[in-house]
């Protein structure tokens, strides 16, 4: 009898351990079944993220409207279908007494929470205001990017530092391309999500408008073509190699330094992040959108008016600064075209999405700008030749 009792006790212990292990496996499988859906190919995901490091065009605004105010709002009913991780504590007790001690959640509280979230989601601003604010942010920051690029040309050019020139492989736009690539690592790759928590339009304006106007592929390509016309083939090769190397490593350096700064900032403000602080200055209401649009519209009109006035003055006097003010006038239109073409970034070619790592939208915009620059340079040279012939 004693042996039978011991055997029955062993079976009971073994069955309890088996059920505990099975329940643990069920908990983990439940968590895995609710996990966010991943791509089958991690390389495709990485390639797409690299292609979309700068911008994805108006796709960002469209996707942002589905996510409400930028945060994932899901109730307990639709969590599984969206693939949300449902955390289940490993230390959850299987004791019936312990489970019965947990206070039940009232259905009325769940209904009130759901209604509260629905009311928050109903405060959605019209898409026209979102697009208008986004276009105005891009226009204003685009003009500021053009002015900063011209300032860097003057600073590092022959007049002051003397590090760059038109007749050298260290072309005039090299400093602006390096600074823009460095800031792209900060604003476009690392801190873009943090900026979007305040305003998605601000993040797009900084990345596409400001940094897109600060950096220039067409100007760099045009300088290399000018050197090739002068048969400076060594300078052309060095200009392309050094330009690619410095721009690429400026972006990498920007990403790494931004990651370090973000880690230090989050470590210093860990308590505030854990407490779930909200961004009170986020532009997410109708009134705030209208105020931002009016403010940006006033700034854009002032910048355009100043640029048109100075363009007329400098053009009549024959100064080279007329090119700067002309760039400030037409710059916003180029930014808008580049932004609409950026929706092609990360899509790849065909239905299978080949070459997702290539930002085709940005590439098309740069090629078009290079063609326009080449056409204008050819026209300028033809006019100079005709004037010299007439003299």
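Placement of Cβ uses the backbone N, Cα and C atoms for every residue, glycine included.
The compositional bias 'Basic and acidic residues' annotation in TrEMBL covers 1-10.
The region 'Disordered' annotation in TrEMBL covers 1-76.
The compositional bias 'Low complexity' feature in TrEMBL is assigned to 15-36.
Taken from TrEMBL, the feature transmembrane segment covers 127-148 (among others). Within the same chain, residues 58, 61, 64-65, 176, 180, 199-202, 204-206, 208-214, 283, 286, 289-290, 292-293, 296-297, 299-300, 303, 307, 324, 327-328, 331-332, 334-336, 339 sit at least 6 positions outside the transmembrane segment (127-148) and bring their C-beta atoms closer than 8 Å to a C-beta of that stretch.
The list of residues near the transmembrane segment (168-191) in space but at least 6 beyond its ends in sequence, with Cβ under 8 angstroms from a Cβ of it, reads 53-55, 145, 148-149, 152-153, 155-157, 203, 206-207, 211, 214-216, 219-220, 223-224, 227, 234-236, 238-239, 242-243, 246-248, 250-259, 262. TrEMBL lists 168-191 (among others) with the feature transmembrane segment.
Residues or ranges marked as transmembrane segment by TrEMBL: 198-220 (among others).
Among the features that TrEMBL reports, transmembrane segment is placed at 232-255 (among others). Packing against the transmembrane segment (232-255) from elsewhere in the chain are residues 167-171, 174, 177-179, 181-186, 189-190, 215, 220, 223-224: each is 6 or more residues past its ends and has a CB under 8 Å from a CB in it.
Sequence-distant contacts of the transmembrane segment (289-310) (same chain, six or more residues past either end, CB-CB distance under 8 Å): 125, 129-130, 132-133, 136-137, 139-140, 143, 199, 201, 283, 321, 325, 328-329, 332. Taken from TrEMBL, the feature transmembrane segment applies to 289-310 (among others).
For the transmembrane segment (322-342), same-chain residues at least 6 beyond its ends with a Cβ under 8 Å from one of its own Cβ atoms are 54-58, 135, 138-139, 142-143, 145-147, 150, 204, 208-209, 212-213, 300, 303-304, 307-308, 310-311, 314-315, 359, 361-362, 364-365, 368-369. Annotation source TrEMBL lists transmembrane segment at 322-342 (among others).
The transmembrane segment annotation in TrEMBL covers 354-379 (among others).
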